[in-house]
Amino acid sequence: MGCWRGLSTVLACLLLLRPLPSPACPAVCRCSSGEADCSGHALRKVPQSLSANTSTLWLGYNFIAVLGPHSFPPLPRLLLLSLPHNRLGLIHSQALVGLGALQELDLSNNYLTVLTPETFLPLTSLATLNLGSNRLGELEPGVLHALPQLRALLLQDNPWVCSCDILPLWRWLSHNREKVQEESLLLCRVPEQLNKYPIMSFRNESFRQCQETSLSAQHYIAFLIIGPFSFMASIFFCTFMGFIIVVYHNLRRESHFWRRP
């Protein structure tokens with residue numbers, strides 16, 4: 001009995017000395033102290049076996065082209081997400097669900113051309129957003145209005161189209177100048193006569209013509225509906241008036257004929 005008691009004591013000590021299982025870490029990543037570095041491994045999608053305690057996730061220099069719905073596992077403590085130098089061209093409106101604690105997002109050096117306001121709605125705590133070196137020609141201010149905690153925005157090295165359509169973005173940038181980082185690098189690419197012209201150098205009078213002549217989509221739709229209708233109405237009116245005039249002249253002619261002796 002004493003022997004068995006001694007063995008059980010030894011086993012209990014060994015179990016106590018056994019290291020606790022480490023949090024989940026994908027084989028292609030290096031993990032330590034809440035940080036997961038999955039950079040430069042030719043990944044085409046986000047690893048799913050990440051620890052829920054991850055606070056920093058590096059995914060740069062991979063081949064990720066699309067962030068589909070729920071691309072990330074539940075990461076309620078994630079504060080920094082870095083995705084530069086991928087092939088990212090599309091972000092689904094539900095791609096970033098579950099990242100409500102995120103404070104910094106780096107999407108620079110990708111192929112993004114369009115962003116919708118729904119894209120960043122889950123990121124209610126985001127303070128820094130880097131969209132530099134993408135293929136953005138325009139950006140709806142609604143995308144930025146969806147980020148109530150935004151403090152720093154980087155938009156440099158994008159092929160901005162400086163037409164009347166950039167007026168809403170210019171207004172947002174002008175009213176939030178303290179949030180725009182490296183504003184001197186926000187340069188027009190199109191049209192050619194404004195190539196490399198700083199967007200922040202525009203003034204209200206620069207858009208005077210746009211404000212005077214710009215029409216909304218509803219106006220164009222109204223013109224498309226009213227135009228053909230008014231054309232047909234004018235034809236009908238002219239035909240009707242012509243018919244009335246002919247009848248009137250015929251009646252006068254008959255009346256004159258019957259009055260003759």
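A Cβ is built for glycine as well, from the same backbone N, Cα and C atoms used for every other residue.
According to TrEMBL, the features are:
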DOMAIN    24-56  domain 'LRRNT'
DOMAIN    158-211  domain 'LRRCT'
SIGNAL    1-24  signal peptide
TRANSMEM  220-251  transmembrane segment
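For the domain 'LRRNT' (24-56), the predicted model reports an average pLDDT of 95. The residues of the domain 'LRRNT' (24-56), classed with DSSP into helix (H, G, I), strand (E, B) and coil, number 0 helix, 7 strand, 26 coil.
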